[in-house]
Amino acid sequence: MKQSEIIAQLRENMSRAYAPYSKFHVGSVIRSTDGQYYNGCNVENAAYPLGVCAEGGAISAMIQNGSREIAEIYVMGDGDALVTPCGGCRQKIREFANANTQIHICGPEGLRKTFTIEDLLPFSFGPDNLNK
Ligand code: THU
């Protein structure tokens, strides 16, 4: 997929968000290291803490389809501030990231900034701690 196509897909994923409470729509796309693409959007709940982030949805889709490693994950949301993943999502991404995994933060107009997991979650706890 070209980056312009990924940006278009992110807009589509954002539009599918179920966010009646925050009204903050987020879309995500993962490209796994085996070349597959997975989509996610945030899905809120009337029991507020049960809402899931766009990144979590894309990770679930990736695992269900048999991929295990994230080459790139894109996140798109509105507003001037960077829509960087929440703390919980950083840990979820960490589980399936490698040192080169690119975390691309986008606004509706396109790519804004790219991070590694080490940038966003330094000194992280991960599978290696459990020798898995
Ligand atoms: N949200 C995401 O889906 N991903 C992020 O990276 C930031 C926040 C969602 C959670 C909630 O549904 C809404 O945005 C407002 O926090």
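Cβ atoms are placed via backbone N, Cα and C, with glycine included.
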Among Cys53, Cys106 - the residue TrEMBL places in the same Zn(2+) site as Cys86, Cys89: Cys53
Residue among the binding-site residues Ala46, Ala47, Cys53, Cys86, Cys89 whose Cβ has the most other Cβ atoms within 10 Å: Cys89
Report the binding-site residues (Val43, Glu44, Cys53, Cys86) that meet this criterion: Cβ distance to the nearest atom of ligand 1 under 6 Å. Use sequence order and write none if nothing qualifies. Glu44, Cys53, Cys86
With every protein chain in view, what's the tally of Cβ atoms within 10 Å of the Cβ of Tyr48 (substrate binding site), excluding that atom itself? 9
Secondary structure of the domain 'CMP/dCMP-type deaminase' (1-128) by DSSP, residue by residue, totals 42 helix, 35 strand, 51 coil
